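Q: Just dropping this structure here.
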Amino acid sequence: MNISQIRNFSIIAHIDHGKSTLADRLLEYTGALSAREMEEQVLDQMDLERERGITIKAQAVRLEYKAKDGNTYMLNLIDTPGHVDFTYEVSRSLAACEGALLVVDAAQGIEAQTLANVYLALEHNLEIVPIINKIDLPSADPEKVKQEIEEVIGLDAADAILVSAKTGFGIEDVLEAIVSKIPPPSSDAAKPLRALIFDSHFDPYKGVIAYVRVMDGKITPGMSIKMMATDKNFEVTEVGVFRPYLANVKELEPGQVGFVAASIKNVKDTRVGDTITEADRPATEPLPGYRKITSMVYCGLYPVDSADYDALRDALDKLQLNDASLTYEPETSIALGFGFRCGFLGLLHMDVIQERLEREYNLTLITTAPNVIYKVFKTDSEVLSIDNPSKLPASQEIDHIEEPYVKATVIVPNDYVGAVMELSQEKRGEFKDMKYLDVTRVMMTYHLPLSEIIYDYFDRLKSSTRGYASLDYALIGYQASELVKLDILLNGDPVDALSVIVHREKASYRGRLLAEKLKEIIPRQMFEIPIQAAIGNKVIARETVRAMRKDVLAKCYGGDITRKRKLLEKQKEGKRRMKQVGSVEVPQEAFMAILKMD
Ligand code: GTP
């Protein structure tokens, strides 16, 4: 196909503004799928994604559209993950495109994530086509949204397309705008191959399938290719396109989007953002923007039943085949036994992996509270990266500690400015900026420790603004903080898996609260259990779980068998997620208590 008839585009939107629904309508309109196939939203494929209603991994699809000018165009839609954990993946997907549809909910207006993604798209010089969706809603106010787009983003919104992805209104206008406004790729077939990897998945028969955008040159089966970041060579076995099922083609030409299979055994060899080139005639420079992904959030995963350790390792191995951003290494906890310390891109990523381990691999796990990586500068000038609070050296060995900070952008109706300020201050935020988007809405910028975001910043933000606030954040680097380790002792023994790193000023308060919370969570047992919170050798709080007075079955007088069985079953259910720590049975919630306190 002539390169002038190719259009590569993404859809950027805030969560729930209708990206997936619009994508489905575009597929339907261009006949990429039959009505039956349309029953399910196609671009969000994983069950979990559907349940949570969010797009987790980028996907791609190729559409054919016969435009009003009589020509047939090849439109490649590259879907982007709609969550702040995946900003790097979004940036790579955008780098594969020439344009983006900016979808804004006509009743909600611009939200924090809309802005973050628009800025990313503008950085990549994409042509942005504003679309105002959900105009069928009675509360839709397209004129106000147009004004916001112009004033806040600085884009001309006079021609913004009014759409209802729900009813299908305006879909043809969207397709015409893709063809007329988004430029075709400019590529050179004669140059050495350069193809950008923007996603990949693992196929048990074909190995890793890399999703690519060809920038220069072309890819054909049989060709020797080189991954520029890892310097590894492979022989291409298949190339193809997304219809949306994978369909083989003879070659991928310049400007095209498709997939490459090359008997690659490990997703780590197809890193998102890396450049594929020809092994025999390599490009001199890789495409810009490649970054090795690093985990932002860590937690310990332990099987409740220690016999499941091998099964957990196998499950992590399998999940990692498809997800190079998941990292894990064996770790031993005195309290929890053998398990793994796992690294994730963010909290959502962590939740998804945990849920998949439990659902798809039938594992019952104890998860420790998530934490960030701390940089510990020791007095002997050694610098440690600490991914587990229990590994923090003794305080006399520490010169100072640094923790990761983020720039957080919050958009709220102005009635809630006070609430956001109060919360952000409590969370050690440094106020940076405040800007009115229009007469009713305000954008506030803070620098905040990432660990506070992980604690409960977002939940509290939502509840203190009645769900109106939207949040986006990006890592800005490390800053020194007064941090200490808070230990918890059960029955006199420190429980390493309950240790947390907290700010010195908040340590006493959090320690007291944590002890109180644990008292509620840890069920009564046959003996009294003292709970202590300590910093170093100093105990700062103490609570006691009193001993159980009676056997739960005592009330049953041995008569009613069904009642007795019910009680025992209930007990068993409660036990499922308990772990024997020394002599004390500790439920899963205890390890997460630190997150749900204030
Ligand atoms: P993520 O996948 O989380 O990024 O969300 P999304 O932006 O893809 O949103 P999605 O398409 O899942 O739509 C969110 C909700 O809005 C769904 O309940 C849709 O049915 C609804 N919705 C989408 N488009 C329209 C529209 O034009 N009108 C109305 N009334 N509802 C819509």
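Positions of Cβ are set from backbone N, Cα and C atoms, glycine also.
In case it's useful when we look at the structure, here is the feature table from TrEMBL:
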DOMAIN    4-186  domain 'Tr-type G'
BINDING   D16, H17, G18, K19, S20, T21, N133, K134, I135, D136  GTP binding site
Q: Among residues D16, H17, G18, K19, S20, T21, N133, K134, I135, D136 annotated as binding GTP, what is the maximum Cα-Cα distance? Answer in Å.
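A: The widest Cα-Cα gap among those binding residues is 17 Å.
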Q: Indicate whether N133 (GTP binding site) is helix, strand or coil by DSSP.
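A: In the DSSP reduction, N133 (GTP binding site) maps to strand.
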Q: Just going by other Cβ atoms within 10 Å, which of the binding-site residues S20, N133 has the emptiest spot?
A: S20
Q: When you tally the Cβ atoms that lie within 10 Å of each candidate's Cβ, which of the binding-site residues (D16, I135) has the highest tally?
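A: Result for the most crowded candidate: I135.
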Q: Give the three-state DSSP assignment (helix, strand or coil) for D16 (GTP binding site).
A: coil
Q: Within 10 Å of the Cβ of G18 (GTP binding site), how many other Cβ atoms are there?
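A: So the Cβ neighbour count for G18 (GTP binding site) comes to 23.
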